[in-house]
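Enquirer: The structure under discussion is supplied below as structure tokens; questions concerning it will follow.
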Amino acid sequence: MSLDIAKYPTLALAENPDELRSLPKESLPKLCDELRQYLLDSVSRSSGHFASGLGTVELTVALHYVYQTPFDHLVWDVGHQAYPHKILTGRRDKIATIRQKNGLHPFPWRAESEYDVLSVGHSSTSISAGLGMAVAAAREGKNRRTVCVIGDGAITAGMAFEAMNHAGDIDPDMLVVLNDNEMSISENVGALNNHLAQLLSGKLYSTLREGGKKVLSGLPPIKELVKRTEEHLKGMVVPGTLFEELGFNYIGPVDGHDVQGLVATLKNMRDLKGPQLLHIMTKKGRGYAPAEKDPISFHAVPKFDPASGTLPKSAGGLPTYSKVFGDWLCETAAKDSSLMAITPAMREGSGMVQFSRDYPQQYFDVAIAEQHAVTFAAGLAIGGYKPVVAIYSTFLQRAYDQLIHDVAIQKLPVMFAIDRGGIVGADGQTHQGAFDLSFMRCIPTMVIMTPSDENECRQMLYTGYHYNEGPSAVRYPRGNGTGAPLEPLNSLPIGKGVVRREGEKLAILNFGTLLPEAAQVAETLNATLVDMRFVKPLDEQLILELAASHDALVTLEENAIMGGAGSGVNELLMARRRVVPVLNIGLPDFFVSQGSQEEVRSDLGLDAAGIQRQIEVWLAQ
């Protein structure tokens, strides 16, 4: 489903950056208008990340206009904002396939285009990678430039500051563009500041600045005085003292929606020596009023009617697991003021909006800082509170050392509510929750629970919250529950599974929300079905009894087979010298690509038909 490019005559002339750079500078505002409209028309018909891209149209055009991409390296952080980049780099006609099975990748992806020099999806990686590229480019000696684009949210993460601190030390030739969309374009970001930015980025000022530093460095008695005076004077016009202290030459803030001004500033900055930081001010959702008004709702959108300006409401029906968690949080906080809920910038996605409003003193959004979130929770636990860390499976990977060193070793009662466990779908390889059971299962003192429905999820949240012997985790998927009735909250017996169906010869040991599919297969094959509930500790007694009374066992989980729950069953049986055939069904040993959850599960044989087929093929061997 491609759009009629004739409706976008200037954009039609810029199929790739080479064509873009052949356009006269005067045509760039018109190009930006058409690019923004093309983005609106395509995403509204197909779904995808939306508001961020609207805010980076002018920046994207200016960067490709000034820099010789793909020879020069352009690195996008996270990648939500890179749809205009994809449109301008030969992928315009495929943009409607983004995030779909066999379509364009949702983020910049090295295997997709030579213009995507770094595959991304998680935040705050761009400056570290860009620094490495800049060092490599310097040794190459071909005058290749490196530009990193990072947002005001992503730059708050520790990794970004670690990279800037290193860059300030080794002094590479690179540019970091800080895309700041937290503030609107106000009076202090107008003609004066744009003129100032072009002046400060010019060769004359740069030469005087560097020459002055060399002269002043030879005058010890006045060096510090001059340094402080320079900082004071510069602080009056630009808010860049922090970046200057890290060793960057700071330029800005400038209007990120003035494409011709950006081109002029970037041309000045391209040949500057040392690490540079350009601070631009943009508006998320720029050019589409509903997205400007509510950029959070329009961050990632389903298909919608742009004329109405409203997003389709969900059909209601079954609650999501995220909502089940959020409701449990509110219910628990109403009775227990010691509950402290923590999220690393995922309030909406984790179902915590209502909690944050009703219990603001018990709610902490620590920004994109997963490592800090976990150790902060450890401190709260030491202080006698009951911390709950709400975090996506894929982002918990970023805090693994803190989970071990700061929580588990000290046996602190921190509960992890792990959302998006298993297949998440359209965001692809970087966001699938494929590894959490594997990387948590090897940690001593951890209790790991995998609910099979929303009622089980509530009971496990209650169980983990009241477990005081160490850390616990409840791991649940993206999507809706099953409609299971919600029972009064009670603690489950730790490490005990439940037999859901008695069968013969074959026993299926289920971990998590594939239980309905497993139930269909068990009925067809007359197999015993067990909801194991706990990945750790395993119900060893039940497993050994099943091994003794059945000819074969099947483990089922939506996690990597390697190191997962099924591996734990294998280890137990081998340790006890129980020789029984075991089939482990789960995620294979490759990074799972994008597609709807249903498509991915079908492709991997994790729907009912696929599970049955895998079992029958295995039994026939």
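Heads up, the Cβ atoms here are built off N, Cα and C, so glycines get one too.
Note that the structure is a prediction, hence the values are computed from the model and not measured.
Found this in Swiss-Prot, in case it helps:
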BINDING   His80, Gly121, His122, Ser123, Gly153, Ala154, Asn181, Tyr288, Glu370  thiamine diphosphate binding site
BINDING   Asp152, Asn181  Mg(2+) binding site
Enquirer: Whole-number answer please: how many Å between the C-alpha atoms of His80 (thiamine diphosphate binding site) and Asp152 (Mg(2+) binding site)?
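Expert: For His80 (thiamine diphosphate binding site) versus Asp152 (Mg(2+) binding site), the Cα atoms are 13 Å apart.
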Enquirer: Is any of the binding-site residues His122, Asn181, Glu370 within 10 Å of Asp152 (Mg(2+) binding site) (Cα-Cα), and if so, which, in sequence order?
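Expert: Qualifying among His122, Asn181, Glu370: Asn181.
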Enquirer: Three-state secondary structure of Asp152 (Mg(2+) binding site) from DSSP?
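Expert: Note: Asp152 (Mg(2+) binding site) is coil by DSSP, not helix or strand.
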Enquirer: Which one, from the binding-site residues Asp152, Glu370, has the smallest tally of other C-beta atoms lying within 10 Å of its C-beta?
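Expert: If we count Cβ atoms within 10 Å for the binding-site residues Asp152, Glu370, the smallest count is at Asp152.
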Enquirer: With every protein chain in view, what's the tally of Cβ atoms within 10 Å of the Cβ of Gly153 (thiamine diphosphate binding site), excluding that atom itself?
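Expert: There are 18 of them.
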Enquirer: Looking at thiamine diphosphate and its recorded binding residues His80, Gly121, His122, Ser123, Gly153, Ala154, Asn181, Tyr288, Glu370, figure out the farthest C-alpha pair and report it in angstrom, whole number.
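Expert: Max span of the thiamine diphosphate binding residues, Cα based, is 32 Å.
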Enquirer: List nothing but the one residue from His80, His122 whose Cβ has the fewest other Cβ atoms within 10 Å; the candidates are the binding-site residues.
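Expert: Selected from the binding-site residues His80, His122 on minimum Cβ neighbours within 10 Å: His122.
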Enquirer: What kind of secondary structure is Glu370 (thiamine diphosphate binding site) part of, going by DSSP in three states?
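Expert: Looking at the DSSP assignment, Glu370 (thiamine diphosphate binding site) belongs to a helix.
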Enquirer: If I restrict to non-local contacts, at least six residues apart, and a C-beta distance under 8 angstroms, what lies near Asn181 (thiamine diphosphate binding site) in its own chain?
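Expert: In sequence order, Gly55, Gly151, Asp152, Met281, Thr282, Lys283, Lys284, Pro295 meet the Cβ cut-off.
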